[in-house]
Amino acid sequence: RVLIDSVGLFHTLRVLCIFMFVLFLAGFTYRPLATSTKDKESGGSGSSLFSRRKFSPPKKIFNFAIFKVTAYAVWAVGIPLALFGYFVPYVHLMKHVNERFQDEKNKEVVLMCIGITSGVGRLLFGRIADYVPGVKKVYLQVLSFFFIGLMSMMIPLCSIFGALIAVCLIMGLFDGCFISIMAPIAFELVGAQDVSQAIGFLLGFMSIPMTVGPPIAGLLRDKLGSYDVAFYLAGVPPLIGGAVLCFIPWIHSKKQREISKTTGKEKMEKMLENQNSLLSSSSGVFKKESDSII
């Protein structure tokens, strides 16, 4: 508000671009994972079409094989399903506040509350996630969706401005939880080698519901004359998506048990083969020794 009042919207957006440019610089700090010997040879020779100096193979850019991991496929469906109402508070909250609390000053504080506690939530739940083993980190995301959905539904019920601030503080806290543990969950589901692919696909899927939600909320406001129904409906998808995510730890553990059983059988078969080969070799030695004695 200070920038808009002093320099106007156009130059305010330019200032925002300066801050966003920091992300562009931060991108140079990322380093690729260690390449295999095969990749190094093809990259060093310069004869390969897909060498590091030119282009990466399409399979490396779009690795659809990660969708064969059932737990990830469910996660990639559940997250977008939960996000149809995610941007509704961010886009329409200020207009709702202007309609409901016309006499209040510094109304922008509600968005500041979401932003501040979102930052706190990322630090807090990022640390908490370190103590949650494996895929059970998904339950933190389920918890965050539950509170995000519940707080969205509570926005129209707040008749006191202070209550609305409290709701926004809680919403921001669990928004930070949802954002911060997305990468650790992807790491647990698909492993370190494919985690960037998993997050990339997920962000692409997320873009659709996050874009569709706010215009639908605006249409409901135009038809019904208030944002109440829009905020109520915005709280439903996170609850549904959170319920879908609850199945992921069970699916993942079931798959791990199947893998352990197959690897156990393979190890047993190898041990039996080795044992049989040892027995056959020892019997051959015994036969040679008996022949020499005779």
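Each residue, glycine too, has its Cβ placed from N, Cα and C.
What you are looking at is a predicted structure, and each value in this text was computed from that prediction instead of being measured.
For reference, TrEMBL has these:
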- 66-294: domain 'Major facilitator superfamily (MFS) profile' (DOMAIN)
- 12-30: transmembrane segment (TRANSMEM)
- 61-89: transmembrane segment (TRANSMEM)
- 138-157: transmembrane segment (TRANSMEM)
- 163-187: transmembrane segment (TRANSMEM)
- 199-217: transmembrane segment (TRANSMEM)
- 229-251: transmembrane segment (TRANSMEM)
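Here the transmembrane segment (229-251) does not lie next to the transmembrane segment (163-187) in space: the count of CB pairs under 8 Å, restricted to residues six or more apart, is fewer than 3. Highest Cβ pair count under 8 Å relative to the transmembrane segment (199-217), across stretches 61-89, 138-157, 163-187: 61-89. Across the residues of the domain 'Major facilitator superfamily (MFS) profile' (66-294), the predicted structure has a mean pLDDT of 85. Long-range contacts of the transmembrane segment (138-157) within the same chain: residues 75, 82, 85-86, 88-89, 93, 96, 125, 128-129, 132, 164, 167-168, 170-171, 173-175, 177-178, 181-182, 185, 226-228, 231-232, 234-239, 241-243, 245-246, 248-249, each at least 6 residues beyond the stretch ends and with a Cβ under 8 Å from a Cβ of the stretch.
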